[in-house]
Structure formats: structure tokens, C-alpha cells
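Accompanying notes for the structure given below.
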Amino acid sequence: MIERWLYSTNAKDIAVLYFIFAIFCGMAGTAMSLIIRLELAAPGNQVLSGNHQLFNVLVVGHAVLIIFFLVMPALIGGFGNYMLPLLIGASDMSFARLNNISFWCLPPALVCLVTSTLVESGAGTGWTVYPPLSSIQAHSGPSVDLAIFALHLTSISSLLGAINFIVTTLNMRTNGMTMHRLPLFVWSIFITAFLLLLSLPVLSAGVTMLLLDRNFNTSFFEVAGGGDPVLYQHLFWFFGHPEVYILIIPGFGIISHIVSTYSKKPVFGEVSMVYAMASIGLLGFLVWSHHMYIVGLDADTRAYFTSATMIIAIPTGIKIFSWLATIYGGSIRLAVPMLYAIAFLFLFTIGGLTGVALANASLDVAFHDTYYVVGHFHYVLSMGAIFSLFAGYYYWSPQILGLYYNEKLAQIQFWLIFVGANVIFLPMHFLGVNGMPRRIPDYPDAFAGWNYVASIGSIIAVFSLFLFIYILYDQLVNGLENKVNNKSVIYNKGPDFVESNQIFATNKIKSSSIEFLLTSPPAVHTFNTPAVQS
């Protein structure tokens with residue numbers, strides 16, 4: 001047991017560890033968001049007894065837990081580690097032991113984060129950790145230092161993982177698997193790994209300077225010593241903007257597979273999809289200052305960042321329309337993964353549209369730090385990254401676990417979270433247009449109506465998550481066994497396959513990617529002899 005799970009060098013076992021960790025942290029992060037919404041359900045003090053510092057600590061905890069401890073471990077560490085070697089026909093990840101330490105950096109990081117909330121009065125800085133609020137004058141205890149250590153540990157984890165994914169993809173593809181034949185999910189993880197590799201060192205530099213400012217009397221961000229807090233913002237957002245693409249691009253890969261499978265068609269414009277993802281990744285590094293329109297940038301700088309930000313809409317639009325073209329004329333089956341994929345397309349597009357409004361420097365002066373921004377990025381993250389997470393789970397878990405989930409319960413869970421998430425985040429745009437500021441635990445009575453609606457929505461969404469945990473339990477305990485490989489023919493809940501640009505065939509089934517040709521669940525060691533493309 002200890003040998004298998006603690007010292008594991010098996011990508012599949014490490015992926016399972018990532019999933020368990022991510023589910024645990026996701027529940028904690030969701031609990032924090034529920035407390036935030038309960039506090040904001042009505043004007044005045046509701047649940048936090050006027051402790052406004054605690055409110056901000058919850059905001060930090062919610063953000064960091066969900067970004068660094070749920071979405072990245074699940075999409076990249078979980079699906080990436082499990083599916084990428086299967087999809088390229090590799091026996092494991094290139095650096096198997098490095099993979100192990102990538103995971104085991106995360107539990108200590110979680111310990112640091114939790115500890116930071118328990119000492120003094122916690123780190124109430126917002127997830128951006130801007131000085132001077134995060135400096136030693138405003139946050140005197142070790143809270144912020146512990147939060148910085150947590151970020152360092154997650155950065156190490158992600159960096160090592162990124163190196164591992166890049167080397168594995170370049171060196172361990174099976175015979176006949178050229179780069180142009182890689183499945184889209186592999187491409188998405190590959191591109192994400194490059195984004196991590198280039199952006200995380202900048203974050204680490206920024207928070208290390210903050211650590212030195214706080215403890216060793218340097219003045220990187222200390223105006224009295226000739227420093228500038230705006231430097232920190234540049235460093236943070238040079239990481240922070242690629243980070244949001246790191247969160248969503250693996251989701252793009254998952255959605256591509258699902259849309260293709262349940263439309264019984266190859267993805268429309270597969271190579272264009274790869275170039276679109278790569279363009280999004282590259283452009284993501286050229287737009288960071290659109291988070292900083294109000295710090296006093298020159299007019300020409302603002303003009304550039306406005307234009308560059310809008311250009312990202314082009315490759316994103318290519319992806320959306322290619323997915324629609326894949327669905328169009330297909331033989332669509334609305335299984336749960338497909339429901340999530342279609343919801344993803346609709347809601348991600350809405351999130352993108354509100355983003356176009358925020359891209360304008362002049363408009364953003366009004367929108368900055370209001371709930372309009374919160375509504376925008378939760379549409380693209382909550383209904384982009386999290387929906388693709390659920391979609392990937394419902395798509396691949398019967399193959400990974402060898403057990404089916406209850407389709408009817410899963411559909412109910414989808415509709416609950418679909419309704420809940422929209423009821424939470426749509427009203428936030430209305431609040432933001434009317435000027436309700438972010439990160440504030442109380443508000444004038446005029447904002448009460450929509451805040452109450454949003455809080456009702458969060459209760460619906462939390463119910464859907466409880467239902468998901470039950471579905472998971474039911475699948476593991478009572479799930480129907482996935483005995484044979486031609487299940488997609490005899491059992492209507494499995495995916496339908498179709499001839500794609502590349503065909504992997506056994507005598508039972510043809511598939512557009514390798515993973516469904518293996519036994520279910522896959523053997524502990526797959527591809528000891530290389531898979532050869534037919």
C-alpha cells in the first residue's frame with residue numbers, strides 16, 4: 001500500500017492521487033465560496049459578525065484553493081497524467097519519479113495555505129497579493145509569508161510537471177504517432193506545459209521579492225526606498241494572464257474529444273484547432289497589462305493592450321466555430337459529457353463577450369474592480385474550466401474505473417449546476433454595471449436584490465456538488481461493470497466511436513484515439529510493447 005501510493009512512479013496512480021487531492025480541495029474552496037455568498041446575501045453583517053478581514057481571507061482561500069489545488073491538479077495533474085501517456089501510446093511519463101515529487105509538493109503547500117489563515121488574522125490580500133496591502137506594514141504576521149510559500153510549492157509542482165509533459169510528448173510517442181497526428185487533448189496539455197514553463201518563474205520572482213521586502217528590508221515594492229508597487233503588478237499579471245489560459249486550454253482539449261465522439265464526426269479543422277490553441281497561448285503573454293488599465297499607463301500603452309486583447313478573440317472564435325461545425329450535421333447523442341460540452345460552448349462564449357467589453361481601456365476604468373469583472377471571469381472559469389472538468393470525468397471515468405455512473409443522476413446533476421452557476425454569475429454583471437465593488441463584505445441596500453438571487457444560485461450549485469459526490473460514491477460501489485471492449489455498441493451509455501483522421505482498430509471496435517481500445521480499467525502498465533498505428 002505505502003509502496004504503491006507513497007513511492008508511486010506510475011502515472012495512473014499519481015493521477016488518481018491528484019484527483020483525490022483535487023476533489024478534497026475543491027470541496028473546501030466551494031465551502032468558502034458558499035460562506036462568501038451567504039455573507040453577501042443581504043446588506044449588513046450576516047455570518048461573519050462584521051469581521052471584514054476574515055471575509056478577505058475567505059476570498060484568498062477560495063481563489064487559491066480552486067485555481068492551484070482543484071483546477072490545475074485535476075485537469076493537468078489528473079487527466080494529463082492519466083490520459084496523455086495512453087493517448088500517445090507511451091508506457092508512462094518520461095520522468096516517473098519527478099512525477100511523484102510533483103504531486104507530493106502539493107499537500108505541504110496546502111498545509112502552508114491553511115496555516116496562513118490560522119496565524120495572526122490570516123492573509124486578507126485578495127489572490128493577487130498586491131503590496132502595499134501585502135507588505136509588512138499592512139499584514140504584519142507570518143500569514144502572507146506562509147501563503148507565499150504555498151505559491152512557491154505549487155509553482156515547483158507545476159513546473160516539474162510541465163517539463164515532464166513536454167519531454168514525454170516530444171520523446172515517447174509511439175510508432176507512426178507524428179506531432180500532426182497527436183490527439184487534441186495531448187496538444188492542449190503540451191501547449192499548457194509551455195505556458196507554465198514560461199510564466200511561473202516570473203510569479204516566483206515577484207512573490208520572492210515580496211518575501212524579501214517583508215522580511216529582509218529590501219525595497220522592490222517599497223516607495224520609501226525607491227521601489228514601485230506597480231512593478232509587482234507587472235510581474236504578477238505576466239504570470240496571471242497566461243495562468244487563466246493554463247486553466248482553460250486543457251478544457252479545450254477535453255471538449256474537442258467529447259464533441260467529436262458524441263457527434264460521430266472528426267473534429268472540424270483539427271490542425272486549425274492546434275494552431276488556435278498555440279496562438280491563444282502565445283497572445284496570452286502579450287496582454288497582461290489589461291488588468292492594470294487604471295494604474296497610470298500611457299495612452300499608447302493602453303491602446304496597444306486593448307487591441308492585443310481583442311486579437312485573442314480571433315483564435316478563440318476559430319475554436320468555437322470549429323466545435324459548432326463539428327456538431328453541425330453530426331449524429332448527436334446528448335449523453336452527459338455532450339450536455340456539458342454544449343453548455344461549455346454557450347457559456348464560455350458569453351464569458352468571452354463580457355471580456356471584450358472589459359478589454360477596452362476606457363470602459364474598464366468604470367468596470368475595474370466591480371462585480372462585472374467577477375461575473376466575467378467566473379463565466380469563463382466556473383463554466384469553462386469546471387464544466388470541462390465534469391465533462392472529462394463523465395467521459396473518461398467509465399474507461400478509467402471500469403464502472404458506469406448512474407446516467408439519470410448525472411443528468412440531474414448537470415441541470416442543477418447549469419442553472420445554479422447561471423443564477424450566481426449572471427446577476428453579478430448587473431451589479432457591476434451599477435458599480436458594486438469587489439472584495440467588500442457589505443454594500444448599500446440598492447444592491448440587495450441581485451445579491452440575494454446570486455446567493456440562492458450558490459445554494460443550488462452546492463446541492464449539485466453534493467449530488468456529484470453521491471454519483472461518485474454510487475459509481476464506485478454500485479456501478480455496472482465495464483466488461484468488454486465493444487461496450488460502446490452493446491451498452492448505450494458509453495461513447496459512440498467514429499472513424500477520424502486516424503484510426504486505431506481492434507477486431508471489436510474502431511476509435512479515433514487509443515485510450516478506449518485498452519481494457520477497462522486499463523492495466524497498471526499499458527503499452528509495454530509499442531502500439532502501432534494501423
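Cβ coordinates are placed from backbone N, Cα and C, and glycine is handled just like the others.
Not measured: the values here are computed from a predicted model.
From the candidate list PRO398, PRO427, PRO437, PRO441, the residue Swiss-Prot records in the Ca(2+) site shared with GLU39, ALA42, GLY44 is PRO441.
Site annotation for Cu cation in Swiss-Prot covers HIS290, HIS291, and the matching candidate from HIS241, HIS376 is HIS241. Cβ atoms within 8 Å of the centroid of the Cβ atoms of HIS241, HIS290, HIS291 (the Cu cation site) belong to the same-chain residues TRP237, GLY240, VAL287, TRP288, SER289, MET292, PHE305, THR309, site residues excluded. Ranking the binding-site residues HIS241, HIS291 by how many Cβ atoms sit within 10 Å of each one's Cβ puts HIS241 at the top. Looking only at Cα atoms, HIS290 (Cu cation binding site) sits nearest to TYR245 among the binding-site residues GLU39, GLY44, TYR245, PRO441. Within the set of binding-site residues (GLY44, PRO441), the lowest number of other Cβ atoms found within 10 Å of a Cβ is recorded at GLY44.
Counting Cβ pairs under 8 Å to the transmembrane segment (182-202), the top-ranked stretch among 235-255, 310-330, 338-358, 372-392, 412-432 is 235-255. Here the transmembrane segment (338-358) has long-range neighbours at 248, 251, 255, 258-259, 262, 290, 309-310, 313, 316, 320, 323-324, 327, 332, 364, 367, 372-373, 375-380, 383-384, 387-388, 390-391, 394, 411, 414, 418, 421-422, 429, meaning same-chain residues at least 6 beyond its ends whose C-beta is under 8 angstroms from one of its own. Within 8 Å of the centroid defined by the CB atoms of GLU39, ALA42, GLY44, PRO441, the record's Ca(2+) site, lie the Cβ atoms of LEU40, ALA41, PRO43, ASN45, GLN46, VAL47, LEU48, ASP442, TYR443, excluding the listed residues themselves. Among the listed stretches 16-36, 147-167, 267-287, 310-330, 372-392, the one sharing the most Cβ pairs under 8 Å with the transmembrane segment (235-255) is 372-392.
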